[in-house]
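Novice: As annotated in TrEMBL:
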type     : residues : note
TRANSMEM : 12-34    : transmembrane segment
TRANSMEM : 204-225  : transmembrane segment
TRANSMEM : 251-276  : transmembrane segment
TRANSMEM : 310-333  : transmembrane segment
TRANSMEM : 340-360  : transmembrane segment
Amino acid sequence: MRGIKGYELRKVLKAPVFPILLVIFILWNVFLIWPVTYIKEDLQLVNALTAEYGAEMDEAALAGLSQKANESLGEMNAVTESRTEQSYETAASFFEKDNLTKYVYNQPGLYTEDELQIFHQAMLIEHYYVKSQTADTVYKQLDVEAYAEDAMELYGVTGSPAEFIRTQFAALGERLGELIDKEEHKQLFFDGGMYRMHSKLFETLFGGIAIELMVLAVLITGLICKYETEHRSEHVVYSTRRGRKLMWDKLFASLTGSFISGVLLIIASLGVYFLMADYSGLWNVSMSSLFISDKNFPYIPWWELSFLEYLMLVILIFVMAQLMFSSMAFIISILVRNSYYVFGVFALCLGIIVAWRSFIYHQTASSFWPVYLTHFI
């Protein structure tokens, strides 16, 4: 990029704090998601099952999964009978506390690590088969309107906000019927109850990224916009005809720098995450899948979305938020003289917004949105 805009942008590249900060943020994100490596083999099993039977748990897939579960149980029982003359009706029964204490903890050399891993995989296959059979029952028993009434009572929502929520949840009930008819809920994915993969990605990782994007946007914008002020050259620069238009170039450079840093942070963080957690066979699984939810209530998206589409939308929202943070910091930088003050005023404004949000929490329908967003978006 040439010209004044490029010169303004190079100010960020020449400041060592930004690449260092970017590396620190990426390393911190790796630390946040590192526990995923401990369940890597379990995640690979799910991909193997989808490769063999497909992600959609129709009758043919369930029959194949049932056969696979029986074969795995038979393989496990062949080993246990040869060691303890003990067989099990289900793989899960081997992992009951009393049985583990008797045959694993009290006899550490009885089974090898490889054999215990085989038993564990047999239990997982059995679990996915059993849970897949419950998908229709779970979703057909859902009463979203009753759920809304309970939540409104909990949060004290009354009046017109309550009527608005009832209207929305009536429409959500129609969406629930639609996804059941299309069998969006009967697709295989990492079990949220076991691994909480949705929370690990969209709450833990993206939660950290949100704060990091904000910090990068404000610091980059503050540096670019207050560069002349801090180097005491603003009287020379802004006294010229071209200099009086310089702020538009700074706005462009701030948005560009924030965008580039945000994209690099997101790509690097997600790249490491998906190297740790293999989603190769699950990109097109519906977000309405019974297995995705790691809450007490299944996810019911308003639209039919695959995991990949949902991820792309989240990334788009975060990039747009990054540009909004930069724009907000740009406005603040016009009003204050020091780049450090820009960050302080931004933090103050953000605190006021959060406090205002908390103040009106119980007064409007917004008191219900945390529940609504957590379970349905």
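Just so you know, glycine gets a Cβ as well, placed from its N, Cα and C.
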Novice: Name the range, of those listed as 12-34, 204-225, 251-276, that has the largest tally of Cβ pairs under 8 Å with the transmembrane segment (310-333).
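Specialist: By the under-8 Å Cβ criterion, the transmembrane segment (310-333) pairs most with 204-225.
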Novice: Give residue numbers and ranges for long-range contacts of the transmembrane segment (12-34): same chain, 6 or more residues beyond its ends, CB-CB under 8 A.
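Specialist: The answer is 200, 204-205, 208-209, 212, 215-216, 219-220, 223-224, 253, 257, 261, 264-265, 268-269, 272-273, 276-277.
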